[in-house]
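Here the structure comes first, spelled out in structure tokens, and everything after it is commentary.
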Amino acid sequence: MAEATNPPLVYQVPEMRRIRSIHFVGIGGAGMSGIAEVLKNQGYDVSGSDLKDSPVTDRLRALGVTVFIGHREDNSANADVVVVSSAVSAENPEVAAARSRRIPIVPRAEMLAEIMRYRHGIAVAGTHGKTTTTSLIASILGEAGLDPTFVIGGKLNSAGTNAQLGGSRYLVAEADESDASFLHLTPVISVVTNIEADHMDTYGGDLEKLKQTFVEFLHNLPFYGVAVMCVDDDYVGEIIPRISRAIITYGIDNPDADYRADNICFDGLKTRFLVRRPGGRSDLQVELKMPGRHNVLNALAAIAVATDEGVDDAAICRGLQGFGGVGRRFQVYGDYKTTRGTVTLVDDYGHHPTEVAAVIRAARAAYPGRRLVMLYQPHRYSRTRDLYEDFVKVLSDVDGLLLMEVYSAGEPAIPGADGRALCRSIRQRGKLEPVFVEDNSEIESLLANVLQDGDLLITQGAGDIGGVAARLAAAGVISGE
């Protein structure tokens, strides 16, 4: 086990030969912007383009990044390399121009892999919990004085950003399985939080292929690396026998887990629990300022990584207790006035049935006895189609529901997999009467008609619903006027 030591003030990494100017197509995306920020802070000339301005593009401009709105072939004219996400078409004019000039075009994950190559990489993979787990690890390492570089899919509230160039050899990053691009990464520690059917178009609808891709990802570890895996998850448990690397396990339900949470106590927005650890280590009593069983698992993964890296117990506890959360992960905005009283507003990014169910359970535990009203925006027609019955079931578990149209994320509409269809199916279950949002401009007025004094309102989803909670909070009142 490595011993934690104070890092040098600046960890020097070799420069990319012949590369000075780096252009990102779709720079406003969470994964792209973080890598762009790290490279800018490493001294590269960074530019990028996106379809519209956002707080992310504003921040990048403030750092000195050149950001173009709209895609034009001359945007990438000065680039030595062009970075693209999986959402960017090969026919994009900037990509086509780079190709005609024989400029390298690399996927986002390949550039992340290059940043990781000369560092002590910690990569967090899994269908759910990646962002929070990555953030918790970064928080603990920071508390231990290890000053990590991190690239996260959401804004780490304590840092005010989703990426930061640290002064040590550590790099903590999310590993994205959605397009199998995490296979580019070569970390020293890999975390797998869970495996569930999602982004199945990437895997030809074959769950076995998805699981085997996780096995391949873990075999990117060097022989001295370690896989940190959640044994509460059935599919993770299934692939463990296939892994030929050192493994550390964690969980709540599995008594054989190396790191196991016990005596879990939910107290409002706080969670306390005892961590049973292997190798004769003493039990560790920890506290989180986050509700939910899923966050206990996220914290266990971070504790396992930190302990294996030699971080002392006091720093682990401080890093967890002081963790300020991640933007749009059960983000509590506070109490707001409505025409009928006062409601509490919470915003969350979860867009898979398992994630939505975890948010509902956490909300019930944190706010017992409160009526739970959810404004939900489905994300991708393909996901809505593939997990349709699961969505119908989980969305029926709230007390009031407003459904927006599917955020397409560039996909064509699929008949029977839209917001109206979900509304009809949920209504047919007979548990509640969902309200379909015909136009997003109607959200405030519809909420004003539905909300009652004392309600808990959760805005849920990964599309443009992300701006709704901030807009409601800025207004300070949900009146519908």
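A Cβ is built for glycine as well, from the same backbone N, Cα and C atoms used for every other residue.
Automatic prediction, not curation, is the source of TrEMBL annotations.
Pulled from TrEMBL:
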- Gly126, Thr127, His128, Gly129, Lys130, Thr131, Thr132: ATP binding site (BINDING)
- 22-119: domain 'Mur ligase N-terminal catalytic' (DOMAIN)
- 124-306: domain 'Mur ligase central' (DOMAIN)
- 328-463: domain 'Mur ligase C-terminal' (DOMAIN)
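The Cβ of Thr131 (ATP binding site) lies under 8 Å from the Cβ of Ile152, Gly153, Gly154, Glu174, Val326, Arg329, Tyr349, each of these being in the same chain and 6 or more residues away along the sequence. Across the binding-site residues listed here (Thr127, Thr132), the residue whose Cβ sits among the most other Cβ atoms within 10 Å is Thr132. In this view, His128 (ATP binding site) is surrounded by 21 other Cβ atoms within 10 Å of its Cβ, with every protein chain counted. Taken residue by residue with DSSP, Lys130 (ATP binding site) is part of a helix. Other than the site residues Gly126, Thr127, His128, Gly129, Lys130, Thr131, Thr132, same-chain residues with C-beta atoms no more than 8 angstroms from the centre of those residues' C-beta atoms, the ATP site, are Val124, Thr133, Thr193, Asn194, Asn298. Residue environment of Gly126 (ATP binding site) contains 24 other Cβ atoms, counted within 10 Å of its Cβ in all protein chains. Listed in sequence order, the residues of the same chain lying 6 or more apart from Lys130 (ATP binding site) and placing their CB within less than 8 Å of its CB are Val124, Gly153, Glu174, Ala175, Thr193. When pLDDT is averaged over the domain 'Mur ligase C-terminal' (328-463), the result is 96. Around the Cβ of Gly129 (ATP binding site), 24 further Cβ atoms fall within 10 Å across all displayed protein chains.
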